[in-house]
Amino acid sequence: MTAFDSVTVIGAGAWGTALATVAARAGRNVTLWARNAEHATRIAATRDNPRLPGVRIAPEIVVTSDLALAARADVLLIATPAQHLRGAVNLLASRIAKPVPVVACAKGIEHGTHKFMTEVIAEAAPGAQPAILSGPSFADDVARRLPTAVTLAAKEEALASGLVQALGSATFRPYHSTDIRGVEIGGAAKNVLAIAVGIAVGRKLGASAQAALTTRGFAELTRLGRALGARSETLTGLSGLGDLILTCSSPQSRNFALGLALGRGENPPAGKLAEGESTAPVLIELAASQNIEMPVSEAVASILSGRSTIDAAISGLLTRPFKAEE
Ligand SMILES: NC(=O)C1=CN([C@@H]2O[C@H](COP(=O)(O)OP(=O)(O)OC[C@H]3O[C@@H](n4cnc5c(N)ncnc54)[C@H](OP(=O)(O)O)[C@@H]3O)[C@@H](O)[C@H]2O)C=CC1
Ligand SMILES: O=C(CO)COP(=O)(O)O
(Lines of atoms letter the chains of each structure in order from A and count residues from 1; the text may use other names and numbers.)
(Lines give C-alpha, C1' and ligand atoms only; values in the text may rest on other atoms or scores of the structure.)
(Ligands and ions follow the chains in the order given, each with its own letter.)
Protein backbone atom coordinates (compact mmCIF):
# COMPACT_ATOMS: atom_id res chain seq x y z
CA MET A 1 0.00 0.00 0.00
CA THR A 2 1.26 3.47 -0.81
CA ALA A 3 -0.25 6.93 -0.52
CA PHE A 4 1.45 7.74 -3.79
CA ASP A 5 -0.28 5.90 -6.62
CA SER A 6 0.68 8.21 -9.44
CA VAL A 7 4.13 9.60 -10.25
CA THR A 8 5.11 12.17 -12.87
CA VAL A 9 8.69 12.61 -13.99
CA ILE A 10 9.46 16.08 -15.36
CA GLY A 11 12.32 15.99 -17.88
CA ALA A 12 12.62 13.21 -20.42
CA GLY A 13 16.40 12.94 -20.50
CA ALA A 14 18.43 9.86 -19.57
CA TRP A 15 17.72 10.15 -15.86
CA GLY A 16 14.05 11.09 -16.17
CA THR A 17 13.49 8.11 -18.45
CA ALA A 18 15.28 5.74 -16.08
CA LEU A 19 13.26 7.05 -13.14
CA ALA A 20 10.02 6.59 -15.05
CA THR A 21 10.93 2.93 -15.63
CA VAL A 22 11.80 2.57 -11.94
CA ALA A 23 8.48 4.01 -10.79
CA ALA A 24 6.57 1.78 -13.22
CA ARG A 25 8.55 -1.22 -11.95
CA ALA A 26 7.43 -0.32 -8.42
CA GLY A 27 3.82 -0.48 -9.61
CA ARG A 28 3.04 3.24 -9.90
CA ASN A 29 0.97 4.90 -12.64
CA VAL A 30 3.67 6.87 -14.40
CA THR A 31 3.70 9.94 -16.63
CA LEU A 32 6.91 11.12 -18.28
CA TRP A 33 6.80 14.79 -19.29
CA ALA A 34 9.00 16.14 -22.10
CA ARG A 35 9.08 19.89 -22.74
CA ASN A 36 9.19 19.35 -26.48
CA ALA A 37 5.90 18.10 -27.98
CA GLU A 38 7.61 16.45 -30.96
CA HIS A 39 9.97 14.53 -28.65
CA ALA A 40 7.07 13.41 -26.50
CA THR A 41 5.12 12.17 -29.52
CA ARG A 42 8.14 10.37 -30.93
CA ILE A 43 9.03 8.69 -27.61
CA ALA A 44 5.38 7.70 -27.08
CA ALA A 45 5.24 6.13 -30.53
CA THR A 46 8.63 4.38 -30.61
CA ARG A 47 8.88 3.60 -26.86
CA ASP A 48 12.54 4.57 -27.24
CA ASN A 49 14.34 7.73 -26.10
CA PRO A 50 17.54 8.64 -27.97
CA ARG A 51 18.82 10.13 -24.67
CA LEU A 52 18.77 6.61 -23.19
CA PRO A 53 19.25 4.41 -26.24
CA GLY A 54 18.39 0.74 -26.16
CA VAL A 55 15.99 0.98 -23.21
CA ARG A 56 12.42 0.03 -24.03
CA ILE A 57 9.91 2.33 -22.35
CA ALA A 58 7.04 0.24 -20.99
CA PRO A 59 3.70 0.75 -22.78
CA GLU A 60 1.93 1.73 -19.57
CA ILE A 61 4.13 4.82 -19.10
CA VAL A 62 2.28 7.86 -20.46
CA VAL A 63 4.65 10.15 -22.36
CA THR A 64 3.32 13.66 -22.85
CA SER A 65 4.16 17.35 -23.20
CA ASP A 66 0.82 18.32 -21.63
CA LEU A 67 1.77 20.03 -18.38
CA ALA A 68 -1.75 20.09 -16.94
CA LEU A 69 -1.94 16.31 -17.32
CA ALA A 70 1.56 15.84 -15.91
CA ALA A 71 0.90 18.00 -12.84
CA ARG A 72 -2.01 15.80 -11.76
CA ALA A 73 0.14 13.28 -9.87
CA ASP A 74 0.65 12.31 -6.23
CA VAL A 75 4.43 12.78 -6.58
CA LEU A 76 6.50 14.88 -8.97
CA LEU A 77 10.12 13.94 -9.74
CA ILE A 78 12.15 16.74 -11.33
CA ALA A 79 14.89 15.34 -13.57
CA THR A 80 15.98 18.37 -15.57
CA PRO A 81 19.55 19.73 -15.45
CA ALA A 82 20.10 21.59 -12.16
CA GLN A 83 20.21 25.05 -13.76
CA HIS A 84 16.77 24.41 -15.34
CA LEU A 85 15.07 23.05 -12.25
CA ARG A 86 13.68 26.43 -11.18
CA GLY A 87 12.19 27.01 -14.64
CA ALA A 88 10.52 23.60 -14.60
CA VAL A 89 9.09 24.08 -11.08
CA ASN A 90 7.92 27.59 -11.98
CA LEU A 91 5.85 26.07 -14.77
CA LEU A 92 4.29 23.58 -12.37
CA ALA A 93 3.77 25.84 -9.37
CA SER A 94 0.37 27.27 -10.31
CA ARG A 95 -0.88 23.75 -11.10
CA ILE A 96 0.09 22.25 -7.74
CA ALA A 97 -3.22 22.29 -5.88
CA LYS A 98 -2.36 20.20 -2.80
CA PRO A 99 0.91 19.89 -0.82
CA VAL A 100 2.42 17.34 -3.20
CA PRO A 101 5.98 15.98 -2.75
CA VAL A 102 8.33 17.46 -5.36
CA VAL A 103 11.51 15.41 -5.49
CA ALA A 104 14.68 16.97 -6.91
CA CYS A 105 16.56 14.39 -8.95
CA ALA A 106 19.11 16.85 -10.39
CA LYS A 107 22.60 17.23 -8.90
CA GLY A 108 23.91 20.76 -8.61
CA ILE A 109 23.72 24.21 -7.05
CA GLU A 110 21.91 27.14 -8.67
CA HIS A 111 24.08 29.85 -10.19
CA GLY A 112 23.70 33.32 -8.77
CA THR A 113 21.63 32.28 -5.74
CA HIS A 114 23.92 29.48 -4.38
CA LYS A 115 20.71 27.61 -3.60
CA PHE A 116 20.44 23.84 -3.41
CA MET A 117 17.73 22.07 -5.38
CA THR A 118 15.20 21.67 -2.56
CA GLU A 119 15.63 25.35 -1.65
CA VAL A 120 14.80 26.25 -5.24
CA ILE A 121 11.70 24.02 -5.10
CA ALA A 122 10.57 25.60 -1.82
CA GLU A 123 10.93 29.08 -3.31
CA ALA A 124 9.36 28.34 -6.69
CA ALA A 125 6.49 26.20 -5.37
CA PRO A 126 5.71 27.18 -1.77
CA GLY A 127 2.87 24.62 -1.66
CA ALA A 128 5.20 21.71 -2.41
CA GLN A 129 6.91 19.29 -0.04
CA PRO A 130 10.53 19.33 -1.26
CA ALA A 131 12.59 16.13 -1.24
CA ILE A 132 15.80 14.93 -2.86
CA LEU A 133 16.86 11.66 -4.47
CA SER A 134 20.58 11.13 -5.07
CA GLY A 135 23.20 8.40 -4.99
CA PRO A 136 25.41 6.16 -7.12
CA SER A 137 23.12 5.34 -10.03
CA PHE A 138 23.86 5.58 -13.73
CA ALA A 139 20.62 5.97 -15.68
CA ASP A 140 21.59 3.12 -17.95
CA ASP A 141 22.22 0.73 -15.04
CA VAL A 142 18.96 1.71 -13.36
CA ALA A 143 16.89 1.31 -16.52
CA ARG A 144 18.48 -2.07 -17.27
CA ARG A 145 17.45 -3.35 -13.81
CA LEU A 146 21.01 -3.65 -12.54
CA PRO A 147 20.96 -3.39 -8.73
CA THR A 148 21.28 0.20 -7.47
CA ALA A 149 20.83 1.96 -4.13
CA VAL A 150 20.28 5.67 -3.49
CA THR A 151 19.31 8.05 -0.68
CA LEU A 152 15.93 9.76 -0.60
CA ALA A 153 15.62 12.61 1.89
CA ALA A 154 12.73 14.79 3.03
CA LYS A 155 12.22 16.98 6.08
CA GLU A 156 9.73 14.55 7.60
CA GLU A 157 10.93 10.98 8.03
CA ALA A 158 7.42 9.65 7.33
CA LEU A 159 7.38 11.38 3.95
CA ALA A 160 10.87 10.15 3.01
CA SER A 161 9.89 6.64 4.02
CA GLY A 162 6.59 6.85 2.12
CA LEU A 163 8.40 7.93 -1.03
CA VAL A 164 10.84 5.04 -0.64
CA GLN A 165 7.88 2.63 -0.46
CA ALA A 166 6.40 4.17 -3.59
CA LEU A 167 9.57 4.04 -5.70
CA GLY A 168 11.61 1.16 -4.31
CA SER A 169 11.94 -2.33 -5.75
CA ALA A 170 14.40 -5.22 -5.48
CA THR A 171 16.68 -3.64 -8.07
CA PHE A 172 16.26 0.02 -7.06
CA ARG A 173 16.74 0.41 -3.31
CA PRO A 174 16.31 3.89 -1.87
CA TYR A 175 17.31 4.45 1.79
CA HIS A 176 15.34 7.16 3.55
CA SER A 177 16.87 10.12 5.37
CA THR A 178 15.93 13.53 6.78
CA ASP A 179 19.36 15.05 6.02
CA ILE A 180 18.34 16.92 2.89
CA ARG A 181 21.35 19.23 2.88
CA GLY A 182 23.85 16.39 3.32
CA VAL A 183 22.37 14.54 0.34
CA GLU A 184 22.41 17.66 -1.84
CA ILE A 185 26.04 18.53 -1.06
CA GLY A 186 27.31 15.06 -1.96
CA GLY A 187 25.50 14.99 -5.32
CA ALA A 188 26.67 18.45 -6.31
CA ALA A 189 30.31 18.22 -5.22
CA LYS A 190 31.05 14.72 -6.52
CA ASN A 191 30.54 15.84 -10.12
CA VAL A 192 33.22 18.54 -9.79
CA LEU A 193 35.61 16.11 -8.09
CA ALA A 194 35.01 13.50 -10.82
CA ILE A 195 36.22 16.00 -13.42
CA ALA A 196 39.44 16.40 -11.39
CA VAL A 197 39.97 12.65 -11.15
CA GLY A 198 39.18 12.22 -14.86
CA ILE A 199 41.84 14.83 -15.67
CA ALA A 200 44.41 12.98 -13.52
CA VAL A 201 43.61 9.68 -15.24
CA GLY A 202 43.72 11.35 -18.67
CA ARG A 203 47.16 12.73 -17.78
CA LYS A 204 48.22 9.16 -16.85
CA LEU A 205 49.16 10.13 -13.29
CA GLY A 206 48.53 6.56 -12.12
CA ALA A 207 46.14 4.55 -9.95
CA SER A 208 47.72 5.85 -6.72
CA ALA A 209 47.06 9.46 -7.73
CA GLN A 210 43.48 8.52 -8.66
CA ALA A 211 42.91 7.11 -5.16
CA ALA A 212 44.65 10.05 -3.47
CA LEU A 213 42.69 12.67 -5.40
CA THR A 214 39.38 10.91 -4.77
CA THR A 215 40.17 10.74 -1.05
CA ARG A 216 41.32 14.34 -0.77
CA GLY A 217 38.24 15.30 -2.77
CA PHE A 218 36.13 13.50 -0.21
CA ALA A 219 37.95 15.42 2.56
CA GLU A 220 36.94 18.76 1.04
CA LEU A 221 33.38 17.58 0.33
CA THR A 222 33.18 16.59 4.02
CA ARG A 223 34.58 19.96 5.18
CA LEU A 224 31.92 21.84 3.26
CA GLY A 225 29.23 19.39 4.33
CA ARG A 226 30.06 19.80 8.02
CA ALA A 227 30.09 23.60 7.69
CA LEU A 228 26.62 23.49 6.16
CA GLY A 229 25.23 21.14 8.81
CA ALA A 230 25.33 17.80 6.95
CA ARG A 231 25.44 14.62 9.02
CA SER A 232 28.59 12.53 8.79
CA GLU A 233 26.64 9.33 8.05
CA THR A 234 25.14 11.07 5.01
CA LEU A 235 28.55 12.23 3.78
CA THR A 236 29.95 8.69 4.10
CA GLY A 237 26.72 7.19 2.73
CA LEU A 238 25.33 6.45 -0.72
CA SER A 239 24.76 10.05 -1.80
CA GLY A 240 28.21 11.17 -0.59
CA LEU A 241 31.11 8.74 -0.63
CA GLY A 242 29.09 6.17 -2.60
CA ASP A 243 28.39 8.47 -5.52
CA LEU A 244 31.91 9.94 -5.35
CA ILE A 245 33.44 6.47 -5.70
CA LEU A 246 31.20 5.62 -8.66
CA THR A 247 31.72 8.88 -10.50
CA CYS A 248 35.47 9.09 -9.87
CA SER A 249 36.15 5.58 -11.11
CA SER A 250 34.13 5.06 -14.26
CA PRO A 251 34.33 6.54 -17.77
CA GLN A 252 30.57 5.79 -17.88
CA SER A 253 30.30 9.04 -15.87
CA ARG A 254 29.97 12.08 -18.11
CA ASN A 255 31.85 14.20 -15.58
CA PHE A 256 34.74 11.74 -15.38
CA ALA A 257 34.68 11.44 -19.19
CA LEU A 258 34.91 15.23 -19.53
CA GLY A 259 37.96 15.27 -17.24
CA LEU A 260 39.48 12.32 -19.10
CA ALA A 261 39.21 14.18 -22.42
CA LEU A 262 40.66 17.37 -20.94
CA GLY A 263 43.52 15.44 -19.36
CA ARG A 264 44.32 13.77 -22.67
CA GLY A 265 44.17 17.10 -24.51
CA GLU A 266 41.15 15.95 -26.53
CA ASN A 267 37.86 17.70 -27.25
CA PRO A 268 35.21 17.00 -24.58
CA PRO A 269 32.41 14.59 -25.62
CA ALA A 270 29.84 16.64 -27.57
CA GLY A 271 26.27 17.07 -26.37
CA LYS A 272 26.79 15.32 -23.02
CA LEU A 273 25.58 17.02 -19.85
CA ALA A 274 28.40 17.22 -17.28
CA GLU A 275 26.85 19.00 -14.29
CA GLY A 276 30.24 19.49 -12.63
CA GLU A 277 31.06 22.09 -15.26
CA SER A 278 28.18 24.31 -14.08
CA THR A 279 28.61 23.42 -10.42
CA ALA A 280 32.37 24.12 -10.15
CA PRO A 281 32.24 27.94 -10.06
CA VAL A 282 29.25 28.12 -7.73
CA LEU A 283 30.66 25.41 -5.44
CA ILE A 284 33.86 27.37 -4.86
CA GLU A 285 31.91 30.61 -4.33
CA LEU A 286 29.82 28.83 -1.73
CA ALA A 287 32.92 27.32 -0.08
CA ALA A 288 34.63 30.73 0.00
CA SER A 289 31.57 32.27 1.65
CA GLN A 290 31.97 29.66 4.42
CA ASN A 291 35.80 30.04 4.61
CA ILE A 292 36.16 26.41 3.54
CA GLU A 293 39.21 25.35 1.53
CA MET A 294 38.36 23.20 -1.51
CA PRO A 295 41.64 23.10 -3.45
CA VAL A 296 40.68 20.26 -5.80
CA SER A 297 37.38 21.91 -6.75
CA GLU A 298 39.18 25.26 -7.12
CA ALA A 299 41.67 23.64 -9.50
CA VAL A 300 38.78 22.27 -11.61
CA ALA A 301 37.06 25.67 -11.70
CA SER A 302 40.34 27.37 -12.73
CA ILE A 303 40.95 24.88 -15.52
CA LEU A 304 37.39 25.08 -16.85
CA SER A 305 37.39 28.88 -16.84
CA GLY A 306 40.79 29.02 -18.55
CA ARG A 307 42.39 30.78 -15.56
CA SER A 308 44.86 27.91 -15.22
CA THR A 309 46.41 25.28 -17.43
CA ILE A 310 46.05 21.66 -16.40
CA ASP A 311 49.77 21.34 -15.69
CA ALA A 312 49.82 24.50 -13.56
CA ALA A 313 46.78 23.30 -11.60
CA ILE A 314 48.36 19.88 -10.96
CA SER A 315 51.60 21.50 -9.91
CA GLY A 316 49.66 23.87 -7.61
CA LEU A 317 48.00 20.92 -5.86
CA LEU A 318 51.23 18.94 -5.51
CA THR A 319 53.19 21.84 -3.98
CA ARG A 320 50.68 22.78 -1.30
CA PRO A 321 52.25 22.86 2.19
CA PHE A 322 52.36 19.52 4.03
CA LYS A 323 49.82 19.36 6.84
CA ALA A 324 48.01 17.06 9.23
CA GLU A 325 45.45 14.74 7.66
CA GLU A 326 41.93 15.86 8.50
N1 LIG B 1 22.15 10.32 -16.35
C2 LIG B 1 22.41 9.83 -15.13
O3 LIG B 1 22.97 8.74 -15.00
C4 LIG B 1 22.02 10.60 -13.92
C5 LIG B 1 21.71 11.93 -13.96
N6 LIG B 1 21.39 12.60 -12.81
C7 LIG B 1 21.09 14.03 -12.84
O8 LIG B 1 19.87 14.24 -13.54
C9 LIG B 1 19.88 15.54 -14.15
C10 LIG B 1 19.48 15.38 -15.60
O11 LIG B 1 20.47 14.59 -16.21
P12 LIG B 1 20.21 13.67 -17.49
O13 LIG B 1 18.80 13.23 -17.58
O14 LIG B 1 21.24 12.64 -17.47
O15 LIG B 1 20.51 14.70 -18.66
P16 LIG B 1 20.11 14.60 -20.20
O17 LIG B 1 21.03 15.53 -20.90
O18 LIG B 1 20.04 13.20 -20.63
O19 LIG B 1 18.64 15.18 -20.25
C20 LIG B 1 18.26 16.41 -19.73
C21 LIG B 1 16.79 16.55 -20.05
O22 LIG B 1 16.28 17.70 -19.39
C23 LIG B 1 15.40 18.33 -20.30
N24 LIG B 1 15.29 19.73 -19.95
C25 LIG B 1 16.21 20.69 -20.05
N26 LIG B 1 15.71 21.85 -19.61
C27 LIG B 1 14.43 21.60 -19.25
C28 LIG B 1 13.38 22.40 -18.75
N29 LIG B 1 13.57 23.69 -18.50
N30 LIG B 1 12.21 21.81 -18.50
C31 LIG B 1 12.03 20.51 -18.74
N32 LIG B 1 12.97 19.70 -19.22
C33 LIG B 1 14.16 20.25 -19.48
C34 LIG B 1 16.03 18.12 -21.66
O35 LIG B 1 15.03 18.30 -22.62
P36 LIG B 1 15.31 18.29 -24.20
O37 LIG B 1 15.42 16.82 -24.54
O38 LIG B 1 14.13 18.95 -24.78
O39 LIG B 1 16.59 19.03 -24.40
C40 LIG B 1 16.51 16.70 -21.54
O41 LIG B 1 15.51 15.79 -21.91
C42 LIG B 1 21.29 16.10 -13.93
O43 LIG B 1 21.28 16.99 -12.85
C44 LIG B 1 22.11 14.87 -13.59
O45 LIG B 1 23.21 15.17 -12.75
C46 LIG B 1 21.34 11.98 -11.61
C47 LIG B 1 21.60 10.65 -11.52
C48 LIG B 1 21.98 9.85 -12.66
O1 LIG C 1 25.14 11.04 -11.09
C2 LIG C 1 25.47 10.08 -11.74
C3 LIG C 1 25.70 8.75 -11.16
O4 LIG C 1 25.30 8.68 -9.83
C5 LIG C 1 25.73 10.23 -13.19
O6 LIG C 1 27.00 10.72 -13.33
P7 LIG C 1 27.39 11.60 -14.60
O8 LIG C 1 26.42 12.75 -14.64
O9 LIG C 1 28.81 12.03 -14.35
O10 LIG C 1 27.26 10.72 -15.80
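Numbers run from 1 along the shown chain.
In case you wondered, yes, glycine gets a Cβ from its N, Cα and C as well.
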Co-listed sn-glycerol 3-phosphate-binding residue [TrEMBL; alongside Lys107, Gly135, Ser137, Asp243, Ser253, Arg254, Asn255] among Lys190, Lys204: Lys190
CB within-chain contacts under 8 A for Arg35 (NADPH binding site), separation at least 6: Gly11, Ala12, Ser65, Ala88
Neighbours of Asp243 (sn-glycerol 3-phosphate binding site) among the recorded positions Lys107, Lys190, Leu273, Glu275 (Cα to Cα, within 10 Å): Lys190
The domain 'Glycerol-3-phosphate dehydrogenase NAD-dependent C-terminal' (179-314) - residue tally per DSSP class, helix then strand then coil: 100 helix, 0 strand, 36 coil
Cα-Cα distance maximum in Å, computed over every pair in Trp15, Arg35, Lys107, Ala139, Arg254, Leu273, Glu275 that the record assigns to NADPH: 23
Residue with minimal Cβ packing [other Cβ atoms within 10 Å] among the binding-site residues Asp243, Glu275: Glu275
PLDDT averaged over the residues of the domain 'Glycerol-3-phosphate dehydrogenase NAD-dependent N-terminal' (7-159): 97
